[in-house]
């Protein structure tokens, strides 16, 4: 009775408990023992106690109630009347893992515990202090924020029967020294993928833990490096080491007789494959993608191999005969992105089980091996793109009934597209890519038989005839891409039936007739591109119903009528190009009402090029945005308008989400039409607009003040209209403006004297009634001045002879005067340069201890006119450079970048130089190129790589630079094996200061100020004294002013450095350079590359540091630095704070580079550094910077929250 009182009488819910027990007895089968009732009751109490410990959330585990059978609880399963399984995946528990160990692990009959993506935090150590049910054999804690060393896994030693443990996608670190003694494991499954595990000691730890029974082991997506000892897991069937930093020979196995799955992709493995795998008879999956294997493909175990991926290595030679042995078993074969050559052998046709073959991006040649390919009766995906195959495409491909994807793009295929390619009514073809070939003739009507077709790309061929109306029957078609052919006739009305259509791209054809209004029935359309045709009629107002439409390109046609106001209803529109048509009427204000209603990222992942026009009379519009999947960039010469229109720059990339919140259009080109009336003031609300071209119309009235609201505009063209009045002062607030053209209007008054107007050339304001800089006509100072000018004019008219005499005397006076002025100018220049050197270093506001840095609006530093530099460039002949590089031989090649290849060369005078061979920039005329060279050559600073000379022959443009002995910071920092240099902290600090000094010079001491646009560690070179020299700073100038727009596309090859605002506005700024510099500084502090899937997974270096800012921030520092000298930790934190300030997501909050230099000076003032790595008297002088910077040295650079604010 006493026991009963304990259970019932002393509890306020005793009646509920009694009812619960009776309920269980009633429903239990007769054979169930009474103990099961008590056991299930205990399980229920344990679960309810766990719920009670959770944060109070009304929607969390709502049916976990004392009056409910626990076997019906959300996520709970029972066996033999006991809780046996708990699955709370994707439940936002938001608790420490210790609660799990206290309440859930002890459940005595629990077999499986799944808490994937449950927002768990804390460490694993609490498990060691808890009980664990003897039946528990599987724990899944993936996708949480559990931290601590992986050696904490030893805490699960209390779970004696644990067989499977999934800790993937957490924040676990390398194994620590402390491990639970006496812990024994019989784990069969261990998943540690996507954590923060780095270093070289993982495998010794695995051996020490006695994981000898492992069958599944994954450490994918970590930061492991070093060599791998001989692997001794006799039961291992699944091993995934992909996406790490291994740079070593292919691992060897003591016993791989049970190995079935091996993934080593995305590392730097090299060496012999065949001998290591020779005894792996059960191997069915082998992925060696993106490694450094070279030479011939070795013989591989052929008994069971089904999936073989060798993509992205340097395998060479003809198609490997060794693969013929695999034909009985292989299902998927990927040999893409290697250097295979020759013809595809007939033996491939014997691979009867093959479902996927990808041999793209190699050098295979010869006639398309049709007979061989037709033997692949089970093939579903066939990718042969980017090779050199010739010949035609036969009807017989229809004999492959399972074929879903056929990609033959970018070859040299000829003939016609066969009419019988889908003659089998049961065909499954979904993707047909034949772009960038030499096909001629019509598009066959019979393509309508490809009823499953989703994507059709026949662009970049020589197809003729009309677009078949029968294509309208392809109900699943999403992509219809036919641009750059010779298609004629009208756009078929039947396309209205393509209800799934997302992309209709028909540019550069000879299409005529109207734009079908019925296209509005294709409600999923994202991209309509019909430019450079002969279309006529009006723009259908019904297109305004396309709420998903993001890009509408109708330029270079014969379209007439008004711009439909209904286009303002296209709430996702970001790109509107209507240039060079016959549009009339006014610009409708409702066109801009969509501002603030942008949909999210409809075009993410589309490959494109943007080609900037050169602005010549023959070249209309701002440029062309083109879909570019499956096309070789060197084939752009085939674009018909390229010949009369020399493009200044080609940008390529993959479309990114344009906005992460509400925004507006980024491109609007209405130029070369017959538009009338005034500019609607509503246009000023288009905050994210980057390019606005209204030139060559008949617009009139005053330029509205509201255009000052276009805060992100980089290109503004209002030329050749009838605008009157003055240039509105509001335009001076457009700080990102890189190009403006107000010429050929009726504007009057003074050109604004402030930036950015003081950087534009005079012809951008010509043929108006404007005055002031940069025009030669000064503005009159008042009535008196006007009267004087009138009198002078009268006197000149009265005495021609006197005027001539005065002119001669004046000319003589000018000659003598210029000699005197030249002498005085040279003296002043020397004084100015000396003053500049002093100015560029001495100013810094002193700060009190413990104060925080504050950035205020600062005046620009005094600037140097580029003409102040005297030393002329050395002109070299092409023969000189050809001889110096041994004909630009690969042996002389020392690097490659976004602007061209770099060669080491020794000139005849013995001097060693670096020669950059530019990519073709055929849009750059000789005069413009020479002018840019002369300008860039005058930019001299000890932290910039100086341009010594140049050479131009035909289309070739060669630049000669001072040679930097130690190459790039990227190589020295991240590839020590290549350079043999180890950078200690004083050396890294010196590099950080030098790079900042060079960038500050470009931003603040040149007119016009120079934006680097591609600041990164590979553009920081190191001379013989390991002094940092910023390189490639002039390339953006050389490639034209258009680089202030869409430069993010050029930077797509170096992700990790691009500031977030570039993805929104596609333009560059000095604050963007500051962000990129902040990434370089992080590289110096952490020793890590800006992007590395092995280090960061889907994140990058900035995001990784941000995550650590929430915890122990010192973990981000390069451990080698602290091993050498632990006392530098405070100094590293101070420099990290500088980096975080540079990396502020809000570009206006970032410091200028002058302010960055001031921070470094303050750090040095408080740390007593040696003079070899400090800012001295000959560096940047900051005392004239208004507002100043304050920084606390002694005290308190707080970890965590304060740093995260800057990120």
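Just so you know, glycine gets a Cβ as well, placed from its N, Cα and C.
Going by Swiss-Prot, these are the annotated features:
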ACT_SITE  1014  active site, proton acceptor
BINDING   894, 895, 896, 897, 898, 899, 900, 901, 902, 916  ATP binding site
DOMAIN    888-1163  domain 'Protein kinase'
CARBOHYD  119  N-linked glycosylation site
CARBOHYD  166  N-linked glycosylation site
CARBOHYD  196  N-linked glycosylation site
CARBOHYD  245  N-linked glycosylation site
CARBOHYD  287  N-linked glycosylation site
CARBOHYD  339  N-linked glycosylation site
CARBOHYD  363  N-linked glycosylation site
CARBOHYD  412  N-linked glycosylation site
CARBOHYD  449  N-linked glycosylation site
CARBOHYD  556  N-linked glycosylation site
CARBOHYD  584  N-linked glycosylation site
CARBOHYD  724  N-linked glycosylation site
REPEAT    161-181  repeat 'LRR 3'
REPEAT    186-207  repeat 'LRR 4'
REPEAT    235-257  repeat 'LRR 6'
REPEAT    305-325  repeat 'LRR 9'
REPEAT    329-350  repeat 'LRR 10'
REPEAT    353-375  repeat 'LRR 11'
REPEAT    378-401  repeat 'LRR 12'
REPEAT    402-423  repeat 'LRR 13'
REPEAT    428-450  repeat 'LRR 14'
REPEAT    452-474  repeat 'LRR 15'
REPEAT    500-523  repeat 'LRR 17'
REPEAT    688-711  repeat 'LRR 22'
MOTIF     71-78  motif 'Cys pair 1'
SIGNAL    1-34  signal peptide
TRANSMEM  803-823  transmembrane segment
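Everything Swiss-Prot records as a feature, shown here on the structure.
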residue	record	contacts (Cβ under 8 Å, 6+ apart)
119	N-linked glycosylation site	92, 93, 94, 95, 144, 145
166	N-linked glycosylation site	116, 139, 140, 141, 142, 189, 191
584	N-linked glycosylation site	560, 561, 562, 673, 674, 675, 676
724	N-linked glycosylation site	700, 701, 702, 745, 746, 747, 748
894	ATP binding site	902, 903, 904, 914, 967
896	ATP binding site	902
Among 339, 363, 1014, which are recorded as recorded positions, the nearest neighbour of residue 900 (ATP binding site) by Cα:
1014
Pairwise CA distance, residue 245 (N-linked glycosylation site) versus the residue listed as 'active site, proton acceptor', rounded so that it is a whole Å:
26
When the Cα-Cα distance from residue 412 (N-linked glycosylation site) is computed for each of the recorded positions 196, 287, 339, 1014, which gives the smallest value?
339
CB contacts for residue 245 (N-linked glycosylation site) [other CB atoms within 10 A, all chains]:
20
For the repeat 'LRR 17' (500-523), report the average pLDDT of the model, please.
96
In whole Å, how far is residue 287 (N-linked glycosylation site) from residue 556 (N-linked glycosylation site) when you measure between their Cα atoms?
48
Quick one: among the glycosylation sites 287, 363, 412, 449, 556, which has the most Cβ atoms sitting within 10 Å of its own Cβ?
556
Same-chain Cβ contacts of the repeat 'LRR 4' (186-207) under 8 Å, 6 or more residues past its ends?
138, 142, 150-151, 161-175, 213-229, 231-232, 235, 240, 245, 1095, 1097
Going by Cα-Cα distance, pick out whichever of the glycosylation sites 196, 339, 363, 449 is nearest to residue 287 (N-linked glycosylation site).
339
Six or more residues out from either end of the repeat 'LRR 22' (688-711), which same-chain residues have a Cβ under 8 Å from its Cβ atoms?
579, 587, 620-622, 658-659, 663-682, 717-736, 741-742, 747, 1045-1046, 1064-1067
Let me make sure I understand the structure: which of the glycosylation sites listed (196, 339) has the fewest other Cβ atoms within 10 A of its Cβ?
339
Residues sitting near the repeat 'LRR 17' (500-523): Cβ under 8 Å, six or more positions beyond its termini, same chain?
454, 459, 467, 475-493, 529-548, 553-554, 559, 606, 624, 626-627, 639-641
How many Å lie between the Cα of residue 363 (N-linked glycosylation site) and the Cα of residue 449 (N-linked glycosylation site)?
33
Whole-number Å only: compute the distance from the Cα of residue 449 (N-linked glycosylation site) to the Cα of residue 339 (N-linked glycosylation site).
37
By a simple count, how many Cβ atoms lie within 10 Å of the Cβ of residue 902 (ATP binding site), its own Cβ left out?
24
C-alpha of the residue listed as 'active site, proton acceptor' to C-alpha of residue 196 (N-linked glycosylation site): distance in Å?
29
Looking only at 900, 1014, which of these recorded positions has the biggest number of Cβ atoms within 10 Å around its Cβ?
1014
Pairwise CA distance, residue 196 (N-linked glycosylation site) versus residue 339 (N-linked glycosylation site), rounded so that it is a whole Å:
34
Count up the helix, strand and coil residues in the repeat 'LRR 15' (452-474) according to DSSP, in that order.
5 helix, 7 strand, 11 coil
Please report the DSSP secondary structure of residue 894 (ATP binding site), reduced to three states.
strand
